[in-house]
Amino acid sequence: MQCGGWMHEEHTADVLVIAYGRTLEEAFENAARGVYEVVTDTSRVEPRRRVDASIEGIDLENLLYRFIENLIAYTDSEGLVFGLFRVCKIECNGESCSIVASAWGEEFDPSRHEHRTIVKAMTYADMEIKEENGCWRVQFVVDI
């Protein structure tokens, strides 16, 4: 078992993203990075534009869904790809969860960015968020 980073596994016509972190915030950051590694080589994305997000969800799963879907919306509407992610905090009370996060990236430039696959949407398929032995594991499927 690893505790940090992300990985992809084959999952029919979709991509299963599995992300890890020592904190829930780090696992969400790695989940976002995992999604954008499906799209391009994130190490080549310059942090030219910052996007801030303050998002609420009814539970952790809904929060993860809305967080990733928010990033995908910027890609769809403005052509942005992201390579750096910072989740400042995730809080849950009995009624809802919230996240405060930032992502840095730039417009996709085919002369500098590798075109891999278009991520169409976030899904709830195979979604799991759990903590085990001091390591958070976040798993979900994106539609490509």
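First residue shown is number 1, and so on along the chain.
Cβ atoms here come from the backbone N, Cα and C positions, even for glycine.
Taken from Swiss-Prot, the feature Ca(2+) binding site covers Asp14, Asp143, Ile144. Non-local neighbourhood of Asp14 (Ca(2+) binding site): Thr123, Ala125, Val141, Val142, Asp143, Ile144, each in the same chain, at least six residues away, with C-beta under 8 Å from its C-beta. DSSP assigns Asp14 (Ca(2+) binding site) to a strand segment in the three-state reduction.
Same-chain residues that are not part of Asp14, Asp143, Ile144 yet have a Cβ within 8 Å of the Cβ center of the Ca(2+) site turn out to be Ala13, Val15, Val119, Lys120, Ala121, Thr123, Val141, Val142. If you draw a 10 Å sphere around the CB of Ile144 (Ca(2+) binding site), it holds 15 other CB atoms from the protein chains shown.
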